[in-house]
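Participant: OK, TrEMBL features for this one:
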- A:Asp22: active site, nucleophile (ACT_SITE)
- A:Asp24: active site, proton donor (ACT_SITE)
- A:Asp22, A:Asp24, A:Asp245: Mg(2+) binding site (BINDING)
- A:Lys218: substrate binding site (BINDING)
There are 2 protein chains.
Amino acid sequence: MARLTTPEEISKLLDYETFLFDCDGVLWQGDVLIPGAKEALALLRQHKKRIIFVTNNATKSRKAYKKKFDVLGIEAYEEEVFGSAYATAVYCSTVLNFKKEDRVYIIGMSGIEEELDAEGISHTGGSDPADLQAGPYTLDQFTDDPSIKAVIVGLDQYLNYTKISKALQYLVRNEGCHFIATNSDSTYPAADGILPGAGSMYAPLQYILKRSPVSIGKPNKTMLDCIVAKCVQHFDRKKSIMIGDRLDTDVKFGIDGGIDTCLVMTGIAKEADITGPNASPIKPTYVMASVECLAQLVGTS
Amino acid sequence: MARLTTPEEISKLLDYETFLFDCDGVLWQGDVLIPGAKEALALLRQHKKRIIFVTNNATKSRKAYKKKFDVLGIEAYEEEVFGSAYATAVYCSTVLNFKKEDRVYIIGMSGIEEELDAEGISHTGGSDPADLQAGPYTLDQFTDDPSIKAVIVGLDQYLNYTKISKALQYLVRNEGCHFIATNSDSTYPAADGILPGAGSMYAPLQYILKRSPVSIGKPNKTMLDCIVAKCVQHFDRKKSIMIGDRLDTDVKFGIDGGIDTCLVMTGIAKEADITGPNASPIKPTYVMASVECLAQLVGTS
């Protein structure tokens, strides 16, 4: 674990070809841009580096995520964005080889729906008004549907008893029905506190079925497999680096995927997580205060 | 584990003074009475036995549960019914010693609310229309309330993201806030399948907090403590028997509470659960086909 402090140390990063960026806590905090983020990315583009944005946020599609970059004034392209909703849709189409007649039941929001649409996979649940009924849910409202081959669970701010009950029926009644999570983050950071995340959406089903879902987002390697598969140019892991603010997702994702990592201190990880008696066993290749450090290199050769 | 088959064997049960009955799968299945249930209870009353109904169903108060007996034509008295909602309310008032100004946040239904009212404990959440909003829930909708001393979770057919989010805030922000479950059944049996039960309602909070609730219902001893505390006459555990259809709740409840148990085969437990290679390690004192066996004793001395 090397600290990158001086411009000489920081400039080592420019030896990499591909930069994978987590977004929240790295480029922005909530809706506020982190100082220097824009300049850091501009510098990398100027040096012809490949930039990839890797986010576990499955509530937004790549298209919707791109709009967030636009609003914040950051140059970004839809094909550079890899969200867990997109990776989940790609997993269904390429790993599970879902056919035209196969359908998916969604606990989740429009991000998953849009990405499944883009991959040509039919779905039900999600934002369907029929599943937004407050309750109670009884089984005479349920119709068996053997075409449902998977239940996909992501963060759903409209989670309710109806959706959990329907997902349970498919998982119990449809033999071989896949149980997939966009990611397993138990919470997500809101402006002034924490709210339940994707992991807590599938917790009831996991508790009932005594079975964990296949989780797609960071730190799981499916996300990197998806990125590698979709990259037009060759993806050289030895020349790639993951820049993130969380040890248990971003840094673990890099380590498990065989790529170097750089922790920034502008998000979740605190100094005590990397040094001292309670430090995490997950160690990044580098630690840097902020992406702002990269911006300092502007103007140097 | 003794099989009770002949009238001589079955009549041994009349040596007990107190009969604790689980209801669903023992006296009825859904809304259908099990043959002989009425006669069996009448026989016990004729022999001056004490009868206690012990149910994990927390959606109904004792008063509402009594109505179910009335509809099915079974003689029963409100003070004989011990539901997990009632036991939870008694736990708050007698074990936690909640004061007048202490309040409780509920994920659950009217059974819990009515029982808390009866114990004089203030509550919020539950059936409050404000918490029935479909979503999304954001923290600017949350107001800190240090008077909330516990979150109680039971089966809630109106469970939603709002309720989970609010419960999470109280558990995280209010120091020492108790985390209580009426029971931990992951599902409950509906007429033609299973639906999520109380245990899966608290699974998201358990997943986030890495902390399990104190669970009150069977098989936990709090339920028996509550029964013993509320019984006017002395409760002699050696002269008591629990009759139920589930090994992991009813029979375990009896064993852990130091009372004998009798498994009936009219509900969840199947022959393979008690004999053969996959039998449960939880062994009842007796096994009997149905409460109907007791009814056979009518007319014998």
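Here the Cβ of each residue, glycine as well, is placed from N, Cα and C on the backbone.
What's the neighbourhood like for each of these?
Facilitator: In three-state terms derived from DSSP, A:Asp22 (active site, nucleophile) belongs to neither a helical nor a strand segment and is classed as coil.
Within the same chain, residues at least 6 positions away in sequence whose Cβ sits under 8 Å from that of A:Asp24 (active site, proton donor) are A:Gly30, A:Thr55, A:Asn57, A:Pro189, A:Asp245, A:Gly267.
According to its DSSP assignment, A:Lys218 (substrate binding site) is coil.
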Participant: For the Mg(2+) site given as A:Asp22, A:Asp24, A:Asp245, which other residues of the same chain have their Cβ within 8 Å of the site's Cβ centre?
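Facilitator: These residues sit around the Mg(2+) site: A:Cys23, A:Gly25, A:Val26, A:Leu27, A:Thr55, A:Gly244, A:Arg246, A:Asp250, A:Gly267, A:Ile268.
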Participant: Counting every protein chain present, what is the number of Cβ atoms, excluding its own, within 10 Å of the Cβ of A:Lys218 (substrate binding site)?
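Facilitator: Its Cβ shell of radius 10 Å holds 32 other Cβ atoms.
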Participant: Cα of A:Asp22 (active site, nucleophile) to Cα of A:Lys218 (substrate binding site): how many Å, rounded?
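Facilitator: With distance taken Cα to Cα, A:Lys218 (substrate binding site) is 10 Å from A:Asp22 (active site, nucleophile).
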Participant: With every protein chain in view, how many other Cβ atoms are within 10 Å of the Cβ of A:Asp22 (active site, nucleophile)?
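Facilitator: If we count other Cβ atoms within 10 Å of A:Asp22 (active site, nucleophile), we arrive at 24.
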